[in-house]
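**Student:** Take a look at what TrEMBL says about it:
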BINDING   303, 316-320, 356-363, 453-455  FAD binding site
COMPBIAS  548-557  compositional bias 'Basic and acidic residues'
REGION    548-573  region 'Disordered'
SITE      387  site 'Electron transfer via tryptophanyl radical'
SITE      440  site 'Electron transfer via tryptophanyl radical'
SITE      463  site 'Electron transfer via tryptophanyl radical'
């Protein structure tokens, strides 16, 4: 894997009148979450029914406890939201004063580890700026603000301590090396200054404490993991957030403010007219998207049938970008789905969104289990594979100049928009690792550079899977570029969108231009307008005769085709 002005669980005085009905409707759905209990901790269904306004303004019926600390730094990273944010809630409940903090770490705008690509590309950088700015605006509506700095978190916090008396630092726990190294550096600053710190697990649908096995015993197949958590673990209810956050600490704090792309050393790119992700970053946009995809268009009801689409914004949820930055809680998505299933319909499509949220969980727990192995050439399975390091061939893949139209269309979409469909990612990854046999880390770091929805665990977990060194129970999984192309772009319209030099070629023959008679190329000259393929796999030839001219009937869209990246299409729950 829109309503304007909506904020989740804000006080009535801060809700734009045009969004009032959306918030009330959302709260009404939430109230029906369970008999006698809503998804908000401590609020009974009867309390909601009797006094809606009181619930909105108070946020919780929990007993207020005396704070343990005076001043708390609430260090935010990939948890840029107010709703269901346990880091913010912990700071609020345990401190007299709370300072929400975000640092633009210059290391995030450096180079990737192995091949030295830019670490954060323009599309993700812009999305991040929008998310941070939106978080600042949201906190303002709750009586606070986001203190934003440009600098390494450990250095920023050390500098803050010179003018600010801090008792405790709280932040969301991460699992991979670069992130945990920064955590360790912040902890060292805290220890030197005799400041306590508290870590909170908050990025997954299933909490790590609710699993029926420790992280080191996480199953090595997704299906086993999924069946276990679905049968034995429960998804927690949403955290009740305060309408008004505790005040900021006293003292002079000179923030850097939200920087521009130029200040981050990133070049801006305008939104491409054919982008499948025309959305902005931030919690507000995330909640608008969910409301639109679920409750307005009801697109969720057909998600399983459309999720392998290639063109447009509506074939999939597009939640992954907001999830990557923590702009939306996976638990909020889950509970909204459950509300939808009660009020509208329940089918395979509504379940399949949850199914893929569990995949996201799985990769995070796998990374926690295997640590740095996920970044090694042999992956978590430590396989001995001789990868090629042909950078010239890699560059053709990265630029969308391989001469294989379905691969090139996907790579060009990524290059120009920061987005690629799930179906596209499966295919280009398979082509790089199984056909070209190039080091999978080239692809992983290129995705790290360009994807808006880059998430270290999902990205490297998926690349391990695709390269055959990860959690795939099936040996030698490989995608056939011609079969995949004709199955999912049967008319060739996706290729025409991103490889315009091939537009004159009719029908799905556009997938195999190197096999065509000059009369069928309609003026396209291979080697001049478009390259000859750098590789033609022998198994592709079986599908050459399945391409067609537009006047021929096509019956291939009635059923799902091809092999899915994660699972077979007849997967059983």
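Even glycines carry a Cβ here, placed using N, Cα and C.
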**Student:** Using a 10 Å radius around each Cβ and all protein chains in view, which of these recorded positions has the most neighbours: 359, 362, 387, 454?
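**Tutor:** Top count of Cβ atoms within 10 Å goes to 362.
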**Student:** Find the one among the recorded sites 387, 440, 463 whose C-alpha lies closest to that of residue 356 (FAD binding site).
**Tutor:** 463
**Student:** Roughly how many Å lie between the Cα atoms of residue 359 (FAD binding site) and residue 463 (site 'Electron transfer via tryptophanyl radical'), rounded to a whole value?
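**Tutor:** Taking the Cα atoms only, residue 359 (FAD binding site) lies 14 Å from residue 463 (site 'Electron transfer via tryptophanyl radical').
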**Student:** List every residue in the same chain as residue 463 (site 'Electron transfer via tryptophanyl radical'), at least 6 positions away in sequence, whose Cβ is under 8 Å from its Cβ.
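**Tutor:** Expected: 429, 440, 441, 443, 444, 447, 470.
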**Student:** Whole-number answer please: how many Å between the C-alpha atoms of residue 387 (site 'Electron transfer via tryptophanyl radical') and residue 454 (FAD binding site)?
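**Tutor:** The Cα atom of residue 387 (site 'Electron transfer via tryptophanyl radical') is 24 Å away from the Cα atom of residue 454 (FAD binding site).
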